[in-house]
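Undergrad: Mind looking over this structure? Questions follow.
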Amino acid sequence: MRRVDINSQWQFRSIGGKGSGVWQSVTLPHDAMIHEHRDPDTANGYNTGYYPGGTYEYRTTLRFDGRPPASCLLEFEGVYPHATVMVNGTLAGELTYGYGDYHLDIAASLKPGANTLTVVVDNSDIPNSRWYSGSGIYRPVWLWTAESADAIRPDGVHIEALVVGDTAEAPTGCHVKANVAIALDNPLILGQYLDVTIVDAQGEVAAQFQEGSGTIGAIEDARLWSPDSPTLYTALIELHADDGTLLDTHAERFGIRTLTCDATHGLRLNGRRTLLNGGCVHHDNGILGAATMPQAEYRRARILKQQGFNAVRSAHNPLSKAFLDACDEVGLLVMDEAFDMWWMHKTSYDYASDFRDHYADDLASMVRKDRNHPSVVLYSIGNEIADTKSPRAADAARSMRAIIRSLDTSRPIIDCVNPISLSIAAKTKAGMDQHDITVEGEPGLNTTLEHASGPIMLSIIDRLMPAALATGIMDRQSNAVFDEVDVAGLNYCRQGPEWFHRRHPNRVFCASETYPQEIIDTWPTAQRLPYMIGDFVWTGWDYIGEASVSAWAYSNPEPYGWMRQYGDHMALRGHLTGPYRRYPGLLGGSGLIDITGEPTGQMLYRQIVTGVRRTPAITVRPMQLLYGAGSSSSRAGRTARFIERGHDGIASWSWAGYEGREAIVQVYSGGRSVELSLNGRHVGRAPVRRCMAEFRVPYEPGTLTATAYDSGGQPIADSSLTSAGREFMVTTVFERVPNPYPRDDPRWNGEELVYGSIALTDAKGEVHVTDDRAITVLQDGSVLVDAPEGKPVGGSGRAYVSQSVSQHEGGVPTHVSNADAELNAVLAHATLLGAASANPITFDELAGNTCTTYFGRAQAIWRAENRTYESYEP
């Protein structure tokens with residue numbers, strides 16, 4: 001079928017809220033929630049970072065010059081949470097899963113000329129998500145057409161590439177023979193056949209064959225797909241009638257690789273054991289909210305890979321098609337997750353209300369979306385499902401396994417269980433089709449964590465986990481479900497794999513969700529145990545919602561006015577309100593990469609432990625939080641640490657205003673000891689324990705150097721941090737991210753995103769981390785800075801980077817000179833989408849053009865459009 005881009009020329013309005021009835025022009029994808037004003041009193045509360053829901057209407061016109069096509073499907077990649085779709089006033093379908101991919105047959109409702117398409121999205125029943133969900137048509141919409149009624153469905157093609165021979169001894173990126181089979185979900189009518197051409201990434205023909213009577217095509221000189229060499233192919237498929245008439249065409253991208261998983265060899269990709277160094281990721285894109293733009297998805301995948309991850313886990317819903325495409329391109333392995341709940345609610349109005357009636361279709365939709373993506377290596381049927389201990393859970397897992405296997409037999413299935421939440425969950429004897437209103441309405445773990453003792457409870461349970469495992473209770477609660485899947489996922493149970501292995505020696509395990517600091521335990525364990533396939537940290541990338549669940553609290557006043565306005569008792573220990581913070585809490589705060597794409601100290605620690613980084617990484621605990629901004633105190637205050645965040649260090653030695661006060665320096669290293677020097681003077685030498693050496697040194701500006709030594713006392717490597725000078729200026733580095741699809745692909749539209757990385761720096765680009773300012777970002781890329789008296793701000797400091805140029809190690813873009821004219825032309829026709837910092841506790845609105853920097857940094861994003869509306873012409 002032919003894909004037509006219908007994402008432009010939409011009209012949008014809010015229904016029943018402020019500004020109700022006022023139509024405005026929008027381009028999809030569009031997140032309505034991010035444009036709502038944050039509300040301390042919204043029923044969504046901390047779940048969405050205090051963004052409320054609402055009801056919204058979208059409409060556009062589909063035009064056909066002549067009769068409409070015989071086959072016509074509307075594809076909605078994602079509409080949150082529920083939607084009613086009308087064509088010319090006739091109901092075309094209802095969308096019940098906010099993360100589902102839907103194809104609606106609208107051929108019977110179309111007429112020649114203008115056709116009105118209306119979508120009403122209802123996100124008024126809140127809360128319905130434990131994290132920021134977004135609202136509206138937040139993923140793309142496509143019109144699929146074909147002149148024949150015998151069309152190839154867009155999601156109905158399955159490509160299976162079978163490698164001939166053993167790949168275990170072959171080098172990475174080797175050439176192999178592969179047999180390629182093409183199957184359609186709808187069987188061919190008698191006499192119909194497929195003509196298939198396989199082309200490589202350069203457009204060269206790799207194979208040609210005819211499919212229709214069991215024939216399988218062979219690629220004699222195929223290259224394997226792997227994270228190190230993500231080689232892709234495209235199958236060009238023609239559907240013919242028995243007389244040779246061309247009925248339809250379809251193009252599908254795929255990769256060739258082998259995948260096995262067992263307790264003896266672990267997860268093997270192309271015959272080699274592969275450990276998953278993974279990060280959990282939610283679906284939002286920071287300033288963009290939930291809007292799924294391919295440029296943002298590609299940028300996020302690229303940064304995750306550059307920072308050392310080789311895998312991601314979707315949290316906790318199916319990933320977008322654009323993100324999967326990006327993972328195929330950059331070489332990221334994927335665990336795609338279907339559901340966050342089954343029958344039992346986690347919030348009042350979540351998907352549990354629809355699970356019973358729709359889980360089969362929604363799970364099948366995810367598998368059809370994923371099965372041709374070589375990056376997808378695991379299907380997850382659930383995250384922390386409270387129903388797991390009830391008898392019907394095993395029946396559900398068996399049913400879901402059968403659904404997946406009917407569509408794809410090549411990938412292992414996992415269920416991710418949290419023994420902590422499972423231990424406090426209710427249990428029911430109800431069957432799959434029976435209702436237990438009392439149990440299904442249980443609020444789950446969140447309400448327990450909201451209690452004052454929530455953080456203490458988590459810490460105690462973590463320490464008592466070995467004893468709890470020894471009782472066998474956790475095994476009895478999860479065993480029936482784990483028997484139905486290929487991999488047992490354990491959330492926050494690092495001791496679990498070895499304990500469970502004693503009872504189930506043939507079971508495969510994965511640390512499917514871990515605290516950042518646990519990598520020092522889980523990674524060596526995964527390397528040692530063949531039946532453990534990897535670790536997924538919470539989280540790889542920070543996210544909106546679960547407001548400040550991982551933010552530490554400091555007894556000295558924070559520099560953003562938050563504690564003083566809302567009461568010290570909220571932040572002093574974090575125990576009086578539980579881990580979730582009241583307004584203005586915004587972000588989760590646990591990301592190893594912050595929402596702007598900058599690596600945090602926790603990312604540096606993981607790089608050291610997993611061997612991605614060899615040089616020592618220097619961080620300093622934030623002095624303005626320990627001592628208080630503007631405070632003259634010589635003693636650091638108390639810190640309340642929450643278990644979901646392991647370290648709070650900042651990779652900076654620019655602590656102006658704290659001269660003479662003790663800095664806590666934490667150096668991450670794989671060596672045996674670390675020597676620290678300041679301005680050429682020896683500070684001390686400390687042993688490395690759990691990949692960290694700690695020093696306490698009075699702060700003075702200059703250069704701080706750490707040298708790592710091996711067990712024999714020989715230096716391994718060193719690194720340094722340099723203080724910012726007295727100059728104070730705004731430096732903005734622009735990164736243009738184009739549409740990643742080829743120009744002959746209907747998904748390419750000429751649109752690009754421009755990311756502006758804003759920093760308060762000295763003349764050499766060193767960031768001032770203690771002098772945060774309110775900033776205003778203008779359409780042309782200029783930044784206005786709140787400059788207190790006596791502190792002038794100099795220069796615009798603009799730099800320009802291009803997606804196409806080479807990158808320095810660590811993902812720092814290469815500067816391109818004399819490119820401002822081109823950038824100015826782009827920004828002149830772009831829309832400023834918003835500005836924000838990575839501060840988890842802030843009054844900022846992400847879709848606004850003002851924000852306050854956080855440790856001297858902020859970000860702005862522009863959307864530059866270059867679209868032409870395409871009418872259908874038969």
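Please read every residue number as a count from 1 along the shown chain.
Positions of Cβ are set from backbone N, Cα and C atoms, glycine also.
Sharing the features that TrEMBL gives for it:
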| type | residues | note |
| --- | --- | --- |
| DOMAIN | 10-123 | domain 'Beta-mannosidase-like galactose-binding' |
| DOMAIN | 172-257 | domain 'Glycoside hydrolase family 2 immunoglobulin-like beta-sandwich' |
| DOMAIN | 267-417 | domain 'Glycoside hydrolase family 2 catalytic' |
| DOMAIN | 662-716 | domain 'DUF4982' |
Undergrad: Looking at 10-123, 172-257, 662-716, which one has the highest count of Cβ pairs under 8 angstroms to the domain 'Glycoside hydrolase family 2 catalytic' (267-417)?
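TA: When the Cβ pairs under 8 Å are tallied, 10-123 comes out ahead.
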Undergrad: Provide the three-state DSSP residue tally for the domain 'Beta-mannosidase-like galactose-binding' (10-123): helix first, then strand, then coil.
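TA: Taking the domain 'Beta-mannosidase-like galactose-binding' (10-123) as a whole: 10 helix, 54 strand, 50 coil.
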Undergrad: Could you please provide the mean pLDDT value for the domain 'Beta-mannosidase-like galactose-binding' (10-123)?
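TA: The predicted confidence over the domain 'Beta-mannosidase-like galactose-binding' (10-123), as a mean pLDDT, is 96.
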Undergrad: For the domain 'DUF4982' (662-716), give the DSSP counts of helix residues, strand residues and coil residues.
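TA: Helix, strand and coil residues of the domain 'DUF4982' (662-716) number 0 helix, 37 strand, 18 coil.
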